[in-house]
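Some notes on the structure that comes next.
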Amino acid sequence: MAAALLARASGPARRALCPRAWRQLHTIYQSVELPETHQMLLQTCRDFAEKELFPIAAQVDKEHLFPAAQVKKMGGLGLLAMDVPEELGGAGLDYLAYAIAMEEISRGCASTGVIMSVNNSLYLGPILKFGSKEQKQAWVTPFTSGDKIGCFALSEPGNGSDAGAASTTARAEGDSWVLNGTKAWITNAWEASAAVVFASTDRALQNKGISAFLVPMPTPGLTLGKKEDKLGIRGSSTANLIFEDCRIPKDSILGEPGMGFKIAMQTLDMGRIGIASQALGIAQTALDCAVNYAENRMAFGAPLTKLQVIQFKLADMALALESARLLTWRAAMLKDNKKPFIKEAAMAKLAASEAATAISHQAIQILGGMGYVTEMPAERHYRDARITEIYEGTSEIQRLVIAGHLLRSYRS
């Protein structure tokens, strides 16, 4: 599948309906910094995004439309299972490749980017790392082609950042586990065919009593809540999962009982690289939009880009974007080289998400009134960017993670 993904790079370049900026402005990082295979991957994903995602992104947002046809095509390219070994149906690529692909896909459509991120990082990621051979065959391979996608159920109505305070329970009963409780803010909920679900198997042990389970969807005892009407990323569904005596087989536990909190935290560490990359894609397309508009908008007899105040804004936007990209790539490469990357992933996610919000905010300012109307994509980029500072660990949580690692290094 990796070969199929890379082969697409040799096709002709395709232009999207919006900006010449798509191809002209985004050239900073595609030459000597990347191996040839990663450059080919970048071009493949960019071509796909131009042809398949950019033209539908506004409709996806406006109509809360799940991009089913595009997700299926992404599965055929290996984009939904990028670091899954080829023998399990994946692309067999590394996390740097995943970061590059996530950015390009998210540039085309942020909703599609998060759908891709959840399936890769949050659903397949923990099964690959902690699952048995049998679980990988049953719960990974069917989710690589785009026919099925998964979701990740950790947060609850009463806890988000406090992941160890799970009130959802799982009790052993004969040859089954019985789940009760509600999981909240679940991305891909309405389209998912399976979920990694975290529940307490021993409340007395607090976070050491949390376990992870593989749950098919739909299944008796599991009800979906309403689709949330969100500010951004409106093409991905978000809903509660409600468990009422939901019975699953005993072998549905992922890892060992009590390993759930560890599995969740390690999964989020990986996922933050994906969300950082999504934020980079949003930031890049917002910058492209701002530059393209400023180059063509005349004021005082010259393009806006002749004004120093606009030049300074664009310089600050580019600085924030490039800095965040380097942090993201570093985190991905550390993971690929099996080195500690928790602090670096937190830094990447923090820098990229805050850059995306700031850059999309400034893009609206540069466009002025045109930035405030849906005729232009700038307002959508701003709405899409905001969630990247919240999900998979808020900016405040990232700062706690970074500070904790920093202080431990000084005290050791």
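All positions are counted from 1 along the displayed chain.
Backbone N, Cα and C atoms are what each Cβ position is placed from, and that goes for glycine too.
So that you can see what the record holds, here are the features copied from Swiss-Prot:
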type	residues	note
ACT_SITE	GLU392	active site, proton acceptor
BINDING	152-161, 185-187, ARG297, GLN308, 365-369, 394-396	FAD binding site
BINDING	SER161, ASP269, MET270, GLY271, ARG272, GLY393	substrate binding site
MOD_RES	THR27	phosphothreonine
MOD_RES	LYS51	N6-acetyllysine
MOD_RES	LYS51	N6-succinyllysine
MOD_RES	LYS72	N6-acetyllysine
MOD_RES	LYS129	N6-succinyllysine
MOD_RES	LYS129	N6-acetyllysine
MOD_RES	LYS208	N6-acetyllysine
MOD_RES	LYS262	N6-acetyllysine
MOD_RES	LYS262	N6-succinyllysine
MOD_RES	LYS306	N6-succinyllysine
MOD_RES	LYS306	N6-acetyllysine
TRANSIT	1-24	transit peptide
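The structure, with features from Swiss-Prot marked on it.
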residue : record                 : Cβ neighbours (10 Å)
LYS51   : N6-acetyllysine        : 16
SER155  : FAD binding site       : 19
THR187  : FAD binding site       : 26
LYS208  : N6-acetyllysine        : 14
LYS262  : N6-acetyllysine        : 16
ASP269  : substrate binding site : 24
MET270  : substrate binding site : 25
GLY271  : substrate binding site : 23
ARG272  : substrate binding site : 29
SER395  : FAD binding site       : 17
Item to complete: Round to a whole number and give the Cα-to-Cα distance in Å for the pair PHE152 (FAD binding site) and GLY271 (substrate binding site).
Response: 11
Worksheet, complete the sentence: Listed in sequence order, the residues of the same chain lying six or more positions from GLY158 (FAD binding site) whose CB sits under 8 Å from its CB are ALA165, SER167
Worksheet item: What does DSSP call THR187 (FAD binding site) in the simple three-state scheme?
Response: strand
Discussion item. I need the nearest neighbour of ASP269 (substrate binding site) among the recorded positions SER155, LYS208, GLY368, GLU392, SER395, using C-alpha distances.
Written reply: GLU392
Discussion item. I'd like to confirm something. Which of the modified residues, LYS72, LYS208, LYS306, has a Cα closest to the Cα of GLU392 (active site, proton acceptor)?
Written reply: LYS208
Worksheet item: Among all the protein chains here, how many other CB atoms are within 10 A of the CB of the residue listed as 'active site, proton acceptor'?
Response: 30
Worksheet, complete the sentence: Smallest Cα-Cα separation from LYS72 (N6-acetyllysine) among the binding-site residues THR187, MET270, GLY271, ARG272, GLN365 is shown by THR187
Worksheet item: Could you tell me the C-alpha distance between LYS262 (N6-acetyllysine) and GLY271 (substrate binding site) in angstrom, no decimals?
Response: 14
